[in-house]
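Undergrad: This is the structure I want to talk about, given as structure tokens.
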Amino acid sequence: MAATTAETRVFLEVRGQLQSALLILGEPKEGGMPMNISIMPSSLQMKTPEGCTEIQLPAEVRLVPSSCRGLQFVAGDGLHLRLQAHAELGTKLISMFNQSLQAQECCTFYCQSCGEVIINDRKLLRVLPLPSENWGALVGEWCCHPDPFANKPLHPQENDCFIGDSFFLVNLRTSLWQQRPELSPVEMCCVSSDNHCKLEPKANTKVICKRCKVMLGETVSSETTKFYMTEIIIQSSERSFPIIPRPRFVQSVIAQCLVQLSSARSTFRFMIQGQDDKVYILLWLLNSDSLVIESLRNSKYIKKFPLLEDTLKADSSSAWSAVKVLYQPCIKSRNEKLISSWESDISVHSLTLPSATCLELLLILSKSNANLPSSLRHMNSFQVAFLKI
């Protein structure tokens with residue numbers, strides 16, 4: 001294969017379950033030099049009159065050069081080809097909810113944005129997932145007696161933690177009324193017109209970090225507080241606070257939520273809405289087995305993949321598992337008809353997050369989309385993006 005370029009952009013997406021890869025070599029620039037491209041199982045090699053550039057693939061990715069097919073040149077994009085690939089999908093997940101919470105363990109709740117301790121050294125005796133929204137209907141269908149819990153909310157007892165789709169429910173009765181220091185970094189801000197901060201919880205009360213003023217959650221009752229997974233890190237009290245870039249954390253939490261919900265409920269369409277009940281994004285999960293190369297190193301320089309940058313330090317051997325999604329922004333009254341259609345569809349699942357986090361997620365999606373090769377940015381009327389797991 002030959003092309004003319006002084007510097008070629010490389011895009012590589014490997015599908016683990018399909019054992020296939022899409023390789024795109026950026027469109028040559030005018031005035032470039034001839035270049036021969038060689039594909040080997042563990043590397044890509046580009047030869048020009050000036051020398052040879054070799055891009056090493058991560059150890060978990062191996063290409064099958066003889067399977068190359070579908071070779072075509074796409075104007076404005078570059079050289080496209082597909083080939084077989086072997087990839088190991090093992091990836092180090094950011095520990096956030098189910099993975100980090102263990103019963104009988106003392107945990108500390110941190111504000112993810114600034115690292116402030118929100119709840120210190122809380123021993124969780126029970127860590128339980130909340131049932132799905134249709135659990136009451138299932139009880140009525142399968143039980144021969146009336147449901148004793150019909151229309152009653154589930155509230156955690158002291159030292160309980162209930163896990164929802166995108167939030168934790170924690171009982172803070174003791175901490176609130178006995179003025180324990182574990183809640184001292186958190187202030188209760190009432191959303192009423194007088195805007196006074198009161199200790200007495202109300203249904204419309206936000207929980208805000210005193211240090212960075214980020215909304216962490218809201219009070220559900222006088223004893224129960226909801227913390228959003230995108231705002232809180234829960235660690236064993238024996239471990240220190242992990243420093244994770246905010247965009248990296250947000251997309252990992254959302255990606256893992258999408259994967260778990262799609263697996264548990266066979267739903268692939270999601271409405272991302274704020275705590276103000278406004279819909280910000282419509283998401284459609286395409287697949288969760290993509291492996292995307294983030295950084296490519298050669299002898300002269302390091303080419304960084306802009307696709308998923310935000311970034312932890314990446315090296316030539318790193319690859320990240322990612323979910324591939326279609327999305328539609330819904331801010332400024334966009335896509336109102338589509339929102340109405342999705343709201344009436346029982347197969348669509350809603351995820352509620354702080355409004356500021358919804359905008360953060362939209363920015364992450366837009367940045368991912370803008371850095372994709374132009375031919376991959378749209379599918380039908382939706383935009384395409386990757387969220388790093």
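Cβ coordinates come from backbone N, Cα and C, glycine included.
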Undergrad: For the feature region 'HECT-like' as recorded in Swiss-Prot, pick the matching range from 57-93, 316-352, 353-389.
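TA: Matching range for region 'HECT-like': 353-389.
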Undergrad: Of the ranges 120-142, 189-211, 235-257, 258-280, which one does Swiss-Prot flag as region 'Interaction with UBE2C'?
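TA: That would be 235-257, the stretch labelled region 'Interaction with UBE2C' in Swiss-Prot.
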Undergrad: With DSSP as the reference, give the number of residues of the region 'Interaction with UBE2C' (235-257) in helix, strand and coil.
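TA: Here the numbers are 12 helix, 2 strand, 9 coil.
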Undergrad: Need one number: mean pLDDT over the motif 'BRAT1-like motif' (129-159).
TA: 72
Undergrad: In DSSP terms, helix, strand or coil for CYS144 (Zn(2+) binding site)?
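TA: Assignment for CYS144 (Zn(2+) binding site) reads coil.
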Undergrad: Under DSSP, the region 'HECT-like' (353-389) has how many residues in helix, strand and coil?
TA: 19 helix, 10 strand, 8 coil
